[in-house]
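Q: Residues annotated as transmembrane segment in TrEMBL: 25-53, 74-100, 120-146, 190-213, 225-244, 277-297, 317-338, 397-419, 425-444, 456-479. Annotation source TrEMBL lists domain 'CBS' at 650-711.
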Amino acid sequence: KKGKRGIVENDLFKQDWRSRKKNQIFQYVVLKWALVLLIGLLTGLVGFFNNLAVENIAGFKLVLTGDLMLQKRYFTAFLAYGGCNLVLGATAAALCAYIAPAAAGSGIPEVKAYLNGVDAYSILAPSTLFVKIFGSILGVSGGFVLGKEGPMVHTGACIANLLGQGGSRKYHLTWNWLKYFKNDRDRRDLITCGAAAGVAAAFRAPVGGVLFALEEAASWWRSALLWRTFFTTAVVAVVLRALIEFCRKGKCGLFGQGGLIMFDLSSNVPSYGTQDLIAIIILGVIGGVFGGLFNFLLDRILRVYSIINERGAPSKILLTITISIITSACSYGLPWLAACSPCPVGSMEECPTIGRSGNFKSFQCPPGHYNGLASLFFNTNDDAIRNLFSRGTENEFHMSSLFVFFIAIYCLGLVTYGIAVPSGLFIPVILAGATYGRIVGTLLGPMSDIDPGLFALLGAASFLGGTMRMTVSVCVILLELTNELHMLPLVMLVLLISKTIADCFNKGVYDQIVVMKGLPFMEAHAEPYMRHLVASDVVSGPLISFSGVEKVGNIVHALRITGHNGFPVVDEPPVSEAPELVGLVLRSHVLVLLSGRNFMKEKVKTSGSFVLRRFGAFDFAKPGSGKGMKIEDLDFTEEEMEMYVDLHPITNTSPYTVVETMSLAKAAVLFRALGLRHLLVVPKTPGRFPIVGILTRHDLMPEHIHGLFPNLRKSH
């Protein structure tokens with residue numbers, strides 16, 4: 001697991017910036033904005049393509065089943081419905097299991113860890129992107145209780161990564177002019193923009209996307225990022241708007257008003273009184289309790305699933321098929337329990353609904369009647385949410401239907417998340433929350449002036465707050481989805497209550513998954529027990545340092561026996577008067593330098609000009625994922641091993657250092673705030689060797705610290 005670093009300041013880098021001409025610097029700035037524009041365009045297109053595909057595949061499936069039911073061929077209808085779901089689900093699982101296992105799940109925890117500095121294997125690879133897009137379409141069309149919203153964040157990040165590293169060498173798609181972005185800071189910025197664009201494309205919520213990136217995804221934020229992400233999400237919003245206008249003309253098959261969830265609730269301004277505030281507080285409490293419970297159960301289920309999934313691809317596919325059959329049985333079987341209701345008089349929509357989306361599904365009912373539960377189960381998830389959020393439909397759903405639907409969605413949402421299909425948690429959570437919001441709204445109907453559709457919105461907010469623990473971004477996303485600005489104070493209140501209550505039980509759902517996947521995530525705050533330790537306590541030894549002009553044999557030996565990514569460089573007499581710390585040299589840079597084979601017979605300091613002549617700064621640029629040189633690739637003769645090489649030109653002369661007596665809590669906060677990979681620990685007293693050790697992400701992990709000091713209990 002590789003960490004992150006910012007810009008490395010060595011002679012080469014300084015020389016490179018000095019030699020850049022005005023037009024090159026201009027090219028760099030223009031490129032940055034052009035890439036951000038491209039990320040926005042591509043993510044918008046992918047988001048639209050996802051919706052188009054889901055609406056058409058799921059629409060075809062629902063129309064086929066509906067036609068069979070009108071002919072009273074109920075069993076054949078179930079076979080057609082379940083069969084379609086099974087094929088779609090199994091295909092998605094096969095893609096995930098055989099091509100890109102990293103694409104399963106929502107991908108938000110992985111993007112979050114990446115932006116924190118954990119570069120996990122193949123998490124943003126082109127194959128992951130491909131499987132994420134198609135697996136997500138198949139999974140959502142296959143009727144699973146999952147959303148395409150979480151995977152869109154991962155998709156956006158993958159698109160940004162692909163553009164940021166100049167394409168993919170493995171698939172022979174590379175652009176040389178993108179080589180400016182081979183440092184970590186630019187790459188991280190682009191991926192943050194990609195994650196924001198993903199949310200914007202999923203919910204058509206551009207501001208929500210920016211806030212999501214700020215609140216949940218990025219660990220490391222600076223003001224320039226704010227308007228770069230804002231620009232990206234604006235591009236996404238424009239692209240989606242244009243494409244939807246194009247579809248309004250009916251050129252997109254079954255893609256009607258549906259697809260991108262847009263619920264326009266604002267018709268009349270509701271006034272709310274004191275009794276409504278009590279209802280809001282109740283909703284917040286329910287959301288907090290249900291959210292905490294959801295995270296607890298999900299954690300348990302994911303642990304069981306990971307044992308099943310580790311057995312290999314066939315068992316992953318089998319698990320997916322099992323869940324698919326259960327889901328089909330629930331969504332086809334449960335509506336039979338609901339009674340038929342006569343169509344409401346003077347309703348705006350046709351009743352019963354012919355075709356696919358709509359509030360009034362006839363299912364097995366006689367003409368002029370509809371089945372309320374079927375209108376929730378027998379729809380795409382987006383349409384079900386639209387039905388729950390709909391206004392002026394106080395008596396449309398029976399209490400019993402809502403209860404059945406809530407229990408089914410809550411349980412199915414839990415068991416569906418861990419299967420090998422790209423799956424988002426947003427939609428199941430919004431569905432379950434909107435359902436119990438509507439239940440509370442119907443119960444309080446006589447006392448309250450607020451429409452049950454608005455209660456559904458508040459319920460969705462409370463459950464999102466309880467599971468995801470995001471407040472600002474969820475609030476803005478919901479308001480952008482529903483155009484309900486006057487609901488802002490109520491949504492804020494509900495979110496604050498549900499987050500506060502759920503925080504008493506456990507962590508947010510994405511944080512839990514990061515911990516469960518064993519990704520070494522650095523929290524924003526230091527743990528209390530760190531205050532009792534100092535920086536030199538946890539440095540894992542033994543320290544390997546190089547002198548400024550070092551023997552080739554020593555370097556090769558050090559690289560072979562350790563996996564360290566950075567080595568301190570120390571000048572000793574006669575090169576300098578007293579031992580002094582020159583800086584830090586990175587493993588990848590040493591390998592590039594050794595491959596140039598510019599070795600010397602004597603141990604003398606050079607001007608370093610040969611490095612500048614021989615290599616450009618781009619030779620030392622960070623390679624794409626999984627590429628880069630390895631020590632095993634280099635072979636040296638006995639004679640070369642006895643020669644010397646000057647490390648000064650490639651040494652980062654301004655590494656971050658802390659004094660050995662600094663409290664570990666302070667060092668940990670510094671490490672994360674600066675997005676570091678190495679933090680050098682220097683001695684406090686003069687006359688000693690100029691470096692005590694290096695702090696890395698591994699040294700700051702709780703497991704490592706508790707391993708060194710078993711008596712340090714977390715109770716401190």
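The chain as shown is numbered from 1 upward.
Any Cβ shown, glycine's included, is placed from N, Cα and C.
Describe each of these features in terms of where it is and what it packs against.
A: Nonlocal intrachain contacts for the transmembrane segment (25-53), taken as residues 6+ away from its ends with a CB within less than 8 angstroms of a stretch CB, comprise 133, 136-137, 140-141, 148, 152, 155-156, 159-160, 163-164, 177-178, 180-181, 186, 190, 193-194, 197-198, 200-202, 228, 231-240, 243-244, 247, 252-253, 255, 259-260.
Below 8 angstroms of C-beta separation, residues 1, 46, 49-50, 53-54, 57-58, 61, 81, 84-89, 91-92, 95-96, 99-100, 102-104, 107, 110-111, 113-114, 152, 154-155, 157-159, 161-162, 168, 170-171, 191, 323-324, 327-328, 331, 380-381, 409, 412-413, 416-417, 419, 421-425, 427-428, 431, 519, 625-626 of the same chain, each at least six residues beyond the ends of the transmembrane segment (120-146), sit close to that stretch.
Proximity of distant same-chain residues to the transmembrane segment (225-244), defined by a Cβ-Cβ separation under 8 Å and at least 6 residues beyond the stretch ends, is recorded for 32-33, 36-37, 39-41, 43-45, 47-48, 189, 192-194, 196-197, 199-201, 204, 206-207, 209-210, 213-214, 218, 259-260.
Beyond its flanks by at least six residues, the transmembrane segment (397-419) meets 93, 104-106, 144-146, 290, 294, 297-298, 301-302, 305-306, 309, 316, 319-320, 323, 326-327, 330-331, 334, 337-339, 341, 372-373, 375-377, 425, 428-429, 431-432, 435-436, 438-439, 442-443 of its own chain at Cβ-Cβ distances under 8 Å.
Within the domain 'CBS' (650-711), the DSSP-based counts of helix, strand and coil residues read 22 helix, 12 strand, 28 coil.
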Q: Which of 277-297, 317-338, 456-479 has the most Cβ pairs closer than 8 Å to the transmembrane segment (190-213)?
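A: Highest pair count goes to 456-479.
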Q: Could you give the residue numbers and ranges of same-chain residues that sit at least 6 residues beyond the transmembrane segment (277-297) on either side and whose C-beta is under 8 angstroms from one of its C-beta atoms?
A: 410, 413-414, 429, 432-433, 436-437, 440, 444, 447-448, 450, 455, 458-459, 461-467, 490, 493-502, 504-509, 512
